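Chemist: Before anything else, here's the structure in question.
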Amino acid sequence: MQKSPLEKAGVLSKLFFSWTRPILRKGYRQRLELSDIYQIPSADSADNLSEKLEREWDRELASKKKPKLINALRRCFFWRFMFYGILLYLGEVTKAVQPLLLGRIIASYDPDNKVERSIAIYLGIGLCLLFVVRTLLLHPAIFGLHHIGMQMRIAMFSLIYKKTLKLSSRVLDKISIGQLISLLSNNLNKFDEGLALAHFVWISPLQVTLLMGLLWELLQASAFCGLAFLIVLALVQAGLGRMMMKYRDQRAGKINERLVITSEMIENIQSVKAYCWEEAMEKMIENLRQTELKLTRKAAYVRYFNSSAFFFSGFFVVFLSVLPYALTKGIILRKIFTTISFCIVLRMAVTRQFPWAVQTWYDSLGAINKIQDFLQKQEYKTLEYNLTTTEVVMDNVTAFWEEGFGELFEKAKQNNSDRKISNGDNNLFFSNFSLLGAPVLKDISFKIERGQLLAVAGSTGAGKTSLLMMIMGELEPSEGKIKHSGRISFCSQFSWIMPGTIKENIIFGVSYDEYRYKSVIKACQLEEDISKFTEKDNTVLGEGGITLSGGQRARISLARAVYKDADLYLLDSPFGYLDVLTEKEIFESCVCKLMANKTRILVTSKMEHLKKADKILILHEGSSYFYGTFSELQSLRPDFSSKLMGYDSFDQFSAERRNSILTETLRRFSLEGDASISWNDTRKQSFKQNGELGEKRKNSILNPVNSMRKFSIVPKTPLQMNGIEEDSDASIERRLSLVPDSEQGEAILPRSNMINTGPMLQGCRRQSVLNLMTHSVSQGPSIYRRTTTSARKMSLAPQTNLTEMDIYSRRLSQESGLEISEEINEEDLKECFIDDVDSIPTVTTWNTYLRYITVHRSLIFVLIWCIVIFLAEVAASLVVLWLFGNTAPQDKENSTKSGNSSYAVIITNTSSYYFFYIYVGVADTLLALGLFRGLPLVHTLITVSKILHHKMLHSVLQAPMSTLNTLKAGGILNRFSKDIAILDDLLPLTIFDFIQLLLIVVGAIAVVSVLQPYIFLATVPVIAAFILLRAYFLHTSQQLKQLESEGRSPIFTHLVTSLKGLWTLRAFGRQPYFETLFHKALNLHTANWFLYLSTLRWFQMRIEMIFVLFFIAVAFISILTTGEGEGRVGIILTLAMNIMSTLQWAVNSSIDVDSLMRSVSRVFKFIDMPTEETKSTKSIKPSSNCQLSKVMIIENQHVKKDDVWPSGGQMTVKGLTAKYIDSGNAILENISFSISPGQRVGLLGRTGSGKSTLLSAFLRLLNTEGEIQIDGVSWDSITLQQWRKAFGVIPQKVFIFSGTFRKNLDPYEQWSDQEIWKVADEVGLRSVIEQFPGKLDFVLVDGGYVLSHGHKQLMCLARSVLSKAKILLLDEPSAHLDPITYQIIRRTLKQAFADCTVILCEHRIEAMLECQRFLVIEENTVRQYESIQKLLSEKSLFRQAISSSDRAKLFPHRNSSKHKSRPQITALKEEAEEEVQGTRL
């Protein structure tokens, strides 16, 4: 960054913001980079501001009174705030004085008042000087208030971040990540630009008092008629605002529904294409869009009338003020024009400035109170440790993630004493007080000596991680004692990588010891990985380590924990992402050898680890199932140990499956030992038990399937919607939402689930900070999910290893200087994570405007109609001017004869009725035309938005994966959320405002030019200067706004990164370092934002200076060239003052339109995406026994009429080459093989060899070359849809969208309920569906989180059965399955797909043993394609993977001379059918 010119700028340079010229010049000539931005002033640095506010806040906390954050802010910023407020008031006062001078100038043209004619020129100079003074006062004042608001935001940002790092884990479990981000982005952004309006809460009443005093002098009591009208208008506008909020609240749920489905579609776009669901998804989303647009139109119409009422109230304010006075006493021109000028100022103060100021104070105080409450939440307390002890002891420890009994009792007593409840009531209160669940750990005891290894195993959700947290002090024990030295190192279950180099991640603030460092690198098997990087261990890792594999991240996290010299090492399942061989080597070299003299607690599920551990602790449901040595386990729990050891290759299973088996085994043996608990009772689903949500243990850090679901408190939860009552005593603090909470209902995107959003969206679980830290909602609402890699990892179904960006809800952004708070209420959270800088130009091109206007044919005619109506209004205004001109001479004669007044009277009692009848008629006509002329425009622009959304949705669904792979999922979702919301809400009314303001200015210039042609000459250079200045500024401002948005992303990214690694941070004591990083991110954003504010003020000031010069020219031309005729001077000067304010408003609106049109440019960019290659072909009639919906019949040279295709499933692959993107490297090269009908083929290859890619290539989801034929039909001869329907797909990651069971199984509604039930029965899904209320009509939300992964796989299997496909593709379907569901799937595959061709990608040997042939993929090509005997006879990958026991199963008579040439396929021993049926759920 460059040094700021502000530091050396002089007083005038600072006053006129001239120091920004270099950056404006550079931005106009070229694209700005981050290096071009100026450094921030030292006074604005986050370090200084946070230290200042923190000192005052600590002072508040130390005081005996209740601490108030507003007092701390007052002591920091009050005097500067008041200084700029006074400047603002003085600038506003000049607006009240200007009409007085205008009246004197008009009066000087009275023939009877020739004395003042000589001073008219001086009065004109005085009027011009008032404009100059106003400009010099207002702009520094507004900038100063913006600057103070920015400083307040920075200081509170830092205070909140520091507090977040100190919060206890219990508090973190109660705060959703959305609420925390909302606290930062939503509430604090109110200070930045809102602070300039705050002073109007006292300026406006003073101004109204001054103006009414001046109007009283002119019109006496009739002046209050105009004020009364303005007050009524303000109340009407408030009522319209409430009505608009009601419509927006209703619409929020519909938008939410649409975005959830859209998000699920985007995240699972490969599955959508594989299933050929494009049309079904498009229809589903468009139906939701239709309902949403009905409410959008209503809200837009209300806001339109609200806006129009302000523009056209001017007629009636003047009319009602002047009419009573004119009818009783007559009126003169000077009073008319002075009244008009006063009323313009009065109208702005009453209907705009004061309501805005009240709203600003309401929002700001609400935000301050929220932050104040947050800053007083319970902090993490470091436990006191005995540094001399060498052992680790836990004695009868019980702990709750919720508050313990004692804490609740004390809180209850405190609450009752505060409310002065009697003792009897106190006891009653406590007896009814909800104790919020069972303990997470109960009566845990163990003791390990120095240098011993304790292996902790247990069922899913048993409390293993909670045990480690309690040792670290993150979870306070309610009972019992813990003893250890306190020198702890910690390795999290989910590897956490901070932004920085590999070396920095491992050392992590500990002093560097080269020998220890290299030893750790070697023990953690990182040497080979580091050597592959160009920069070695100085390679910079992005946030979350997205450039690393899961195994590399896990090993770096382990190395970090091992490198630290500690007494106790807590290792929470550190080997989850490692392959078997690597895991074994690291366990031996690192855990057993390098750390042999250290005390270690290892969470694991491997028998090998249990055997080598000094002590074993097995947990089940929070209790100790066993504690002792492995030999004691075998002797004391022989059934349990023999059951686990009875599994062949138990340690070879995936971690998920090992945990599943361990959970099932522990559950069975624990139930057998507890006769009081029936097995069936424990199998009941949680939603069948009334009130269980309030009673079930909230083990939120554990697996989400077993942990408690957290629902929003909504009028109708999904359980209640489906006919089930739910516990209604949930704490208000647990009110959770899809997006962060908001106080007002104006949000374009839904602000919370407090709105009844209908069947699709209710009951969505909260993503608490604690859940984020433990990754325990990996299947949460997909609306938050974003992939952060530039190209999605390809497989049959998109990857769902999500990053912190995934959980962020998306609100609309504030893309321009427009008062978006009026429409959107708050900054969109997704603005925290903006899209990549794309090819959108810095200024919207004319081509974009032209395309936008021609999207809908009616739009051009609507614009023409608006202009014609405007011309009618101008003509009506000229009629009024004609009336003025014709009545003035006559009235002057009458007044002279009567001698009733010494002033030139324009309207007398005799002529007033004639004049006012015409005036009222003209005014009513103008009002009717004005109020309704823009309605067709707004209506048509919303229709344009509807068309663009439809085209964009269609383009995304039809786009090839090679194009979609280059886009981020979050970027695509931004188009459907932020940009479509802008097209729906902001753009129509902003375009209307701009056109209206522009026409007002043009009309005023036309009238002035008719009255004084010389003035037209002055307008030409002014308009030219305005156009040039706008173009000059716009190039830079849009780039600065883009850089500012980019600068916002690291702030929130760093916050969430810190939260994900908070336990690690605390264990290593790295909070100060991360506070420094956060301040750097804040300073980077501040530099961009401060420069944007400065350049914006430079532009606003230059615009006003040009208009001041224009007014000076108009004033002197009118004063010097106009002879007799005070009416003409009054009209010219009044309109010139109006032009000055309106044209400036129009300039700002034009900038807003340009900024909002960038959203249109982005939408057009998506609409213009290429589509997948589809070749039409003629179809023939189906055979009599087949339906067209069930099979695809193609007219092809290879297929005879009336044949069903595919009939056998024979598949021939010739020279297949596949790429992810057009310009990328080939992932698969020259693949050729053939599969016989009904054959089962297994794909073999190492991780990353391209097995899943091959399955995607079969479906033409990639860029492919070569040819594939199915039953003689080439894929080049039929359409993509027809080709893909030939395949059934069972992906590893199952796609369950928000909708009913029926919709998920049959989105095209082709099958009857009877057929669906039949298939559900075949795949073992019937009993699952029947237990839900509504059965097939039960609404699944959040990716079907109420279903286990096995049930989801069964759903996928049912889809394939319904599709009647002859070729089945399976991509590791059993990777996350429990043994029961796995057996069901195996049985179904044998029965339902007995005559189908099956292509299986699987890591489990027992599944692969059923394949007849194997395709071995190495180095992007086919290495072998052989039978199983051939592979076993050679040194192949398969031979290395298969164990001797598996070979014995496969070939039981291998040494017999009578064995057949074809292998005997023997199924693994299955559980009895009765057992499967009894334990399926």
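Note that the numbers count up from 1, one per residue, in the order the chain is shown.
Cβ atoms here come from the backbone N, Cα and C positions, even for glycine.
Small disclaimer: the values here were computed from a predicted structure and weren't measured.
From Swiss-Prot, here are the annotated features:
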| type | residues | note |
| --- | --- | --- |
| TRANSMEM | 78-98 | transmembrane segment |
| TRANSMEM | 123-146 | transmembrane segment |
| TRANSMEM | 196-216 | transmembrane segment |
| TRANSMEM | 223-243 | transmembrane segment |
| TRANSMEM | 299-319 | transmembrane segment |
| TRANSMEM | 340-358 | transmembrane segment |
| BINDING | Trp401, Ser434, Gly458, Ser459, Thr460, Gly461, Ala462, Gly463, Lys464, Thr465, Gln493 | ATP 1 binding site |
| DOMAIN | 423-646 | domain 'ABC transporter 1' |
| REGION | 654-831 | region 'Disordered R region' |
| MOD_RES | Thr717 | phosphothreonine |
| TRANSMEM | 859-879 | transmembrane segment |
| TRANSMEM | 919-939 | transmembrane segment |
| TRANSMEM | 991-1011 | transmembrane segment |
| TRANSMEM | 1014-1034 | transmembrane segment |
| TRANSMEM | 1096-1116 | transmembrane segment |
| TRANSMEM | 1131-1151 | transmembrane segment |
| DOMAIN | 1199-1444 | domain 'ABC transporter 2' |
| REGION | 1449-1481 | region 'Disordered' |
Chemist: Over all shown protein chains, what is the count of other CB atoms within 10 A of the CB belonging to Trp401 (ATP 1 binding site)?
Modeler: 24
Chemist: Given a separation of at least six residues and a C-beta threshold under 8 Å, show me what packs close to Lys464 (ATP 1 binding site) in the same chain.
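Modeler: Correct list: Val456, Ala457, Gly458, Asp572, Ser573, Val603, Leu619.
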Chemist: I need to check the long-range neighbours of the transmembrane segment (991-1011): which residues 6 or more away from its ends have a CB within less than 8 Å of a CB in the stretch?
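Modeler: Hits for the transmembrane segment (991-1011): 304, 307, 311, 863, 866-867, 870, 873-874, 877-878, 881, 934, 937-938, 941, 1019, 1114, 1128, 1131-1132, 1135-1136, 1138-1139, 1142-1143, 1145-1146, 1149-1150, 1152-1153.
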Chemist: When DSSP states are folded down to helix, strand and coil, where does Gly458 (ATP 1 binding site) land?
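Modeler: In the DSSP reduction, Gly458 (ATP 1 binding site) maps to strand.
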Chemist: Sort out the residues at least 6 away from either end of the transmembrane segment (78-98), same chain, that have Cβ-Cβ distances under 8 Å to it, and list them.
Modeler: 127, 130-131, 133-134, 137-138, 140-142, 144-145, 148, 195-196, 199, 203, 206-207, 210-211, 214, 341-342, 345, 1137
Chemist: Residues of the same chain, at least six outside the transmembrane segment (223-243), with any C-beta under 8 angstroms of its C-beta?
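Modeler: Long-range Cβ neighbours of the transmembrane segment (223-243): 208, 212, 215-216, 302-303, 305-306, 309-310, 313, 316-318, 320-321, 323-324, 343, 346-347, 350-351, 354-355.
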Chemist: How many other Cβ atoms are found within 10 Å of the Cβ atom of Thr460 (ATP 1 binding site), counting all protein chains shown?
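Modeler: There are 20 such Cβ atoms around Thr460 (ATP 1 binding site).
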Chemist: Specify the count of other C-beta atoms within 10 Å of the C-beta of Gln493 (ATP 1 binding site).
Modeler: 20
Chemist: Against which stretches of its own chain does the transmembrane segment (1131-1151) lie, if we need a Cβ under 8 Å and a gap of at least six residues from its ends?
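Modeler: For the transmembrane segment (1131-1151), the list is 98, 102, 105-106, 127, 131, 337, 340-341, 344, 816-818, 881, 884, 990, 993-994, 997-998, 1000-1001, 1004-1005, 1007-1008, 1011-1012, 1015, 1026, 1030, 1033-1034, 1037, 1100, 1103-1104, 1107-1108, 1110-1111, 1114-1115, 1118, 1122.
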Chemist: Please check if the transmembrane segment (340-358) comes into contact with the transmembrane segment (1014-1034), where contact means 3 or more CB pairs closer than 8 Å and the residues in each pair are separated by 6 or more positions.
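Modeler: In this chain the transmembrane segment (340-358) does not contact the transmembrane segment (1014-1034) - fewer than 3 Cβ pairs sit under 8 Å.
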Chemist: Counting only residues 6 or more past its boundaries, what in the same chain has a CB within less than 8 Å of a CB in the transmembrane segment (196-216)?
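Modeler: Non-local partners: 84-85, 88-89, 92-93, 95-96, 99-100, 142, 145-146, 149, 223-224, 226-227, 321, 339, 342, 345-346, 349-350, 353-354, 356-358, 360-361, 364.
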Chemist: Counting only residues 6+ away from its ends, which parts of the chain sit with a Cβ under 8 Å from the transmembrane segment (1014-1034)?
Modeler: 24, 28, 842-843, 1005, 1008, 1095, 1098-1099, 1102-1103, 1106-1107, 1109-1110, 1113-1114, 1117-1118, 1121, 1132, 1136, 1143, 1147, 1150-1151, 1154
Chemist: Which of the three DSSP-derived classes (helix, strand, coil) applies to Gln493 (ATP 1 binding site)?
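Modeler: The three-state answer is coil.
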Chemist: Among all protein chains shown, how many Cβ atoms are found within 10 Å of the Cβ of Ala462 (ATP 1 binding site), not counting that one?
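Modeler: Other Cβ atoms found within 10 Å: 29.
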Chemist: For Gly458 (ATP 1 binding site), just count the other CB atoms lying within 10 A of its CB, please.
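Modeler: Summing over all protein chains shown, Gly458 (ATP 1 binding site) has 25 other Cβ atoms within 10 Å.
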Chemist: Give the helix, strand or coil assignment DSSP yields for Lys464 (ATP 1 binding site).
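Modeler: Where Lys464 (ATP 1 binding site) sits, the three-state DSSP reduction gives helix.
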